[in-house]
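For reference, the structure is listed below as structure tokens.
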């Protein structure tokens, strides 16, 4: 009976103990889990159970909405940004990075101190304190440097800070928490950790980070942040598709009769699959069969228009859990054989480096249409213009193409190295060409010289490009235009001279020769002379007009 009274007394004493006498990590962290949750997962390397006690004296705990948060940092609030390279293939490593965003006009200097940016704060003179928090000065004073009592240089669970020559520049304490476990780390304005996911349960998980800043002999919370990450047994696969002359590869519409380049991208930031043999199995949906390759790039040409379903399966052999050894039946032995032979069969175990196949899948619906397959410049001609000559010389480019008829043409005129663009002109193609793709493109140049010309023909689905170097001549004195003009001027002068001579001869004949009585012969000599002169100086010629030639329209 006395034992029963003692037991009841102990229960009463335990009930009288305050519930907040000792906080644990899972009590402090908002994403805290019980130890039962942690037991569902294997231990993360280097992490500790959140059942451990939290030192609330050095690391005070403030709930959300506590007014003390407003004064936790000088000049405003600090924001924490948490990122990761999730999703992660089970067995690989996943990395988390948390970065601090300080209030306006504040930054971290080379020594890890938080300082004000120059010429950023309004209304402050040159004598204002440049420091928001001077960790270096705190480390050099007696409190941090020479005091034998170093009880405040510990993490929230009481473990001492690591001895490192850069500890003076570390002004923040980061506490990472996930899966019922935590990890503590010193750092500056950012910190990162990596965990292996071999023993992590598949599916979404939560990572939370709490950040404290140094505050003399204690620490003050400045930010909290959490993010969801994903662990999966599927290989994350994406396929980048590109094609020559394709106008927009993002719309998954491509051209017929031109190879499409398929480039497989696997999400593997920790290089977990670096030593794995990876096979790619392609089905392009056009009844061409199954293609198997160990190369992540592949070309395929569709020869028909239409809509096709692309399917890719990626297979990789990765390190995985080894199966439990199973005893094999003992070999039949004579009765006189040693009994230990059968025990050797039970001790045999598979190779510890076991591998397991992981798969990834990619599917897409692509559309195949007709387009401009090729474009060529077959001739270049200088444009001859009458005087007065224009400032900018022009050239005609005779262009042919294969495939559909283009709806627009663009030219980019650059320097001879094709690096520095000087002029870009685009115009619609409004010339009726029928079934043949043939047109003349006229472009002006900024004076004589050598130019690089990029010419592009386009329609709704395709763009075809060609380039050439063109030498644009200057307007020389002996150019065909000037020679033709000079010849016309000379012939005009000669005609005037012949007319003057004819008048002089006519006057002499009228003055010294008797006039015939017949009126029909009057003026006959002058007419005959003029006819002979016309035949001599203006011989007849056949009509040769270049405009009568059958040439394509000029753009």
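Just so it is clear, glycine is given a Cβ too, placed from its N, Cα and C backbone atoms.
Just so you know, TrEMBL annotations never went through curation; they're auto-generated.
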296-318, 319-341, 342-364 - the range that TrEMBL marks as region 'Disordered': 319-341
Among ranges 459-482, 483-506, 507-530, whichever one TrEMBL labels transmembrane segment: 483-506
Per-state residue totals over the domain 'PKD' (276-314) - DSSP helix, strand, coil: 0 helix, 23 strand, 16 coil
Residue numbers, six or more beyond the limits of the domain 'PKD' (276-314), whose CB comes under 8 Å of its CB atoms: 235, 237, 239, 254, 256-266, 359-370
